[in-house]
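Here is what Swiss-Prot says about this protein:
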- 1-26: region 'Membrane attachment' (REGION)
- Ser16: phosphoserine (MOD_RES)
- Cys22: S-palmitoyl cysteine (LIPID)
- Cys24: S-palmitoyl cysteine (LIPID)
- 38-179: domain 'SLD' (DOMAIN)
- 39-96: region 'Regulatory/phosphorylation domain' (REGION)
- Ser50: phosphoserine (MOD_RES)
- Ser62: phosphoserine (MOD_RES)
- Ser73: phosphoserine (MOD_RES)
- 75-179: coiled coil (COILED)
- Ser97: phosphoserine (MOD_RES)
Amino acid sequence: MAKTAMAYKEKMKELSMLSLICSCFYPEPRNINIYTYDDMEVKQINKRASGQAFELILKPPSPISEAPRTLASPKKKDLSLEEIQKKLEAAEERRKSQEAQVLKQLAEKREHEREVLQKALEENNNFSKMAEEKLILKMEQIKENREANLAAIIERLQEKERHAAEVRRNKELQVELSG
């Protein structure tokens, strides 16, 4: 059906060109209402302002073409034992080659997976080392800050102690002078 529709489209494209060429060779007017081809007939139904209408009549296939066409297959020659053996050996070689290729691909895939895993482990170790170093550095800073704060507190306490000792001494001097 699709082939017939395609053939119809091609014939319709050729139709106007065909009528032009025919008018050059045959100056007398032709009946343009009917066109006949090998396997179809096209009749013009009527002309309209919007276009033209055609009736397409498909002819049944001719009885000659109905005969089944059988293609003569090439005659098979008798194969000798040596030829059969050669074909079997060639097939075995192909099988071994394919098997070796599959094994090679699997080995390459495993190697790639191993490399990816190794790289991931190295990155994980590097990350762990960097995190540990950052943590140690942070702990050292906290320890230094704590020691600095403790030293500042001790300094303030010692300053208060000196001030208290000075106040006591001044008080004792006042008591001695007044007394």
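The first residue you see is number 1, and the count goes up from there.
From the backbone N, Cα and C atoms, a Cβ is placed for every residue, glycine too.
Small disclaimer: the values here were computed from a predicted structure and weren't measured.
Neighbours of Ser50 (phosphoserine), defined as other CB atoms within 10 A of its CB across all chains, total 6. Distance from the CA of Ser50 (phosphoserine) to the CA of Ser97 (phosphoserine) is 68 Å.
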